[in-house]
Structure formats: C-alpha cells, structure tokens
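Below is one structure, written out as structure tokens; the observations come after it.
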Amino acid sequence: MPKYPLLGMTLTELQSVTKDLGMPAFAAKQIASWLYDKKVTSIDEMTNLSLKHRELLKGEYDLGISAPVDEMRSVDGTVKYLYQVSDNHFVEAVYIPDEDRATLCVSSQVGCKMNCKFCMTGKQGFTASLTANQILNQIAALPERDKLTNVVMMGMGEPLDNLDEVLKALHILTASYGYGWSPKRITLSSVGLRKGLQRFIEESECHLAISLHSPFPSQRSELMPAERAFSIKEMVDLLKNYDFSKQRRLSFEYIVFKGVNDSLIYAKELLKLLRGLDCRVNLIRFHAIPGVDLEGAGMETMTSFRDYLTSHGLFTTIRASRGEDIFAACGMLSTAKQEESNKN
C-alpha cells in the first residue's frame, strides 16, 4: 500500500497526522524541523521522536523525497536534473550557479497548456500538475541544496494554472516552521492568468515576473495565446492597483526576436504600456527550437534596446544566458523521456 509523503505538508497537516497517530501535539513541529531544516533522509533519523512514534509514522508515511533520476552538465556549470514524479511523468529543474548566488529553476507542471510559440515545453502539451510535494522535492533532493540562494518558478508549466499547490509550496518555503526563506529570494514567472494573478499577489509576497514579449496585443496573441483570454493591457491595469515599490519586485520578461519585436517602435510602446508601474524589464536572448521560425536578435540590438529603455526611465537588464548546450535555457525545458512516455 502506498505511503503518504510528509514533504509538502503544512504544519496544520502535520498536526493532523500526529493527532491521528496519538502522538503529542508538539511532535508536529519536531517533524517539520526534521523535514525542512535538518534535511533528514529517513524517519528513523528523527531522534527526538520516540521509537514507538517513529514506527507509527513509518507505518503510514514516508519522507516523500526522491533523488533525480538523471542529470546533464553544461560547460558553464549549469546542471539540469530530471525528476520522476510518477510512473510515466518527468520534470526538469535547472541549477544555475554564479559567483555570489546559486539559483534553482523549478517546474510546476508536466508540460504546459499555454502553447507559447517560442517555448519547447508548450510543444509537449499538458500532462499533469505537480503537487506541493513534487514541487518541493526539486529543492529537497537537489544535490547542491545547501548552496541555494534563490528559487525561480520559471521551469516547466504555468504556475498560476496550478495555483493551489504552488502557493502551498511557496508557503512552506517561506514559513518559519518550513524552510524559512525570505520571499525576496523567490520569483514566480507567469504569462498572466486572470483568475490566478490577483490571488497570487494578495496571498504571496514573492517577486513576480510577467512574460510580455510584445507590447502589441495582436502580436502578443500570436506569440502567446493566453493574451486572448487576459490582455496585457488589462493585466497592467490590474497590477497598477498594487504597490511594488518596496521589497517586492515586479519584472517583465521580454525575449528579443530578430526583426519581430526589436525595433524602436517596440521600445516606445513598452514605455507607454508600462508607464506608472514600478517595474523593470529583463531582456532575454532567444534560443532556436525545432519547427519555430523565430531567430534571436544580436547582442548589439539588445544592448541598444536596453539602453533606450533605461535612458527613458525604465530600468532594463539583459539576462545572462545559461545552459544552452544542455537545452536548459529559457524556453528549452523539454524532456526526451516525457515525450517518449506520451507516445507510449
């Protein structure tokens, strides 16, 4: 009989577990500490629980931590890990080390419904949403976990399309009984879904990054079908109702395509669209994917685009590209094993 995973449980849920097993009330906090702070590899290591209570716990539960089943290493130090989340489902997480920080790009779904033209994950179609356990396992089972400084929800899937489980995972990441991370260390990236965006802003203090890619609705809808359901102009109007001037950061992601969205008219329209918002723009280099007739703009074009926006008061950066040689860069998260499973 399958056992229930403890990883991904809130303190309230752990209190229900200990109550049902006849354990003392304080045992829930002890279990949470072992799970999220002390990084145990088995229930037997929870030594401040009595042997009897450990045996009771083991009878119905396990840690719910599963090591990656495969990995690929880039020449730039980036590592892509493959996690098996069920018999036929796989997701990837990408570890990105830098001089003074180490970031993990985490997945929220197997595949994605959004079908953005430039994204390999969307070409897979949608298979399943991850549980909080499966989201947090990408962190808990990471070999470099102790080096992590930041987490970005920018992997496979649309986080706002799996908001209950994503919010639960973020709560555990930031709760004092959980990992105890500052929300400033976590960024969620989204195409922007009407039903989820407002709830995320109001229930989480983590940074928010919106996939923009064109300031013109008709063109954005060609690149990102989600535009047809919730336009970027409506989204900006909603975002203006919230204060992003303090510790929380609002960013807009902008992949620069050669001859598509890289001219001065686009920069001017971006300034017009985002006027009045306390935000920044991250320019991203496009990496070619099979069957997509888009090409990345050159660095000179991207630099000019950045300088124009910044000189007109919109702080803009060019994001460093990492892991291209192992298909780990933005829009390239697509697993051969998942595609193989979908065919079977």
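Count begins at 1; order follows the chain as displayed.
Placed from the backbone N, Cα and C atoms, the Cβ positions cover glycine too.
What Swiss-Prot annotates here:
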- E92: active site, proton acceptor (ACT_SITE)
- C330: active site, S-methylcysteine intermediate (ACT_SITE)
- C112, C116, C119: [4Fe-4S] cluster binding site (BINDING)
- G157, E158, S189, S211, L212, H213, H287: S-adenosyl-L-methionine binding site (BINDING)
- C105-C330: disulfide bond (DISULFID)
- 98-325: domain 'Radical SAM core' (DOMAIN)
Notebook entry, point to check: Of the recorded positions E92, E158, S211, H213, which one sits closest to C112 ([4Fe-4S] cluster binding site) when you measure Cα to Cα?
Noted result: E158
Check: Expressed to the nearest Å, what is the distance separating C119 ([4Fe-4S] cluster binding site) and H287 (S-adenosyl-L-methionine binding site) at their Cα atoms?
Finding: 9
Note to self: I'm trying to understand the geometry here, so how far is the Cα atom of G157 (S-adenosyl-L-methionine binding site) from the Cα atom of C105 (disulfide bond), in Å to the nearest whole number?
What the structure shows: 12
Notebook entry, point to check: From the Cα of C105 (disulfide bond) across to the Cα of E92 (active site, proton acceptor), what is the distance in angstrom?
Noted result: 9
Next item on the list: Using a 10 angstroms cut-off on Cβ to Cβ distances, just flag whichever of H213, H287 is the loneliest among these binding-site residues.
Entry: H287
Notebook entry, point to check: Since the record lists C105, C116 as recorded positions, which of them has the fewest other Cβ atoms within 10 Å of its Cβ?
Noted result: C116
Notebook entry, point to check: Could you state the CA-to-CA distance between C116 ([4Fe-4S] cluster binding site) and S211 (S-adenosyl-L-methionine binding site) to the nearest Å?
Noted result: 10
Next item on the list: Kindly assign E158 (S-adenosyl-L-methionine binding site) to one of the three DSSP-derived states: helix, strand or coil.
Entry: coil
Notebook entry, point to check: Around E158 (S-adenosyl-L-methionine binding site), how many other C-beta atoms are within 10 angstroms of its C-beta?
Noted result: 27
Check: What does DSSP say about C105 (disulfide bond): helix, strand or coil?
Finding: strand
Next item on the list: Summarise the model confidence on the domain 'Radical SAM core' (98-325) as a single mean pLDDT, whole number.
Entry: 96
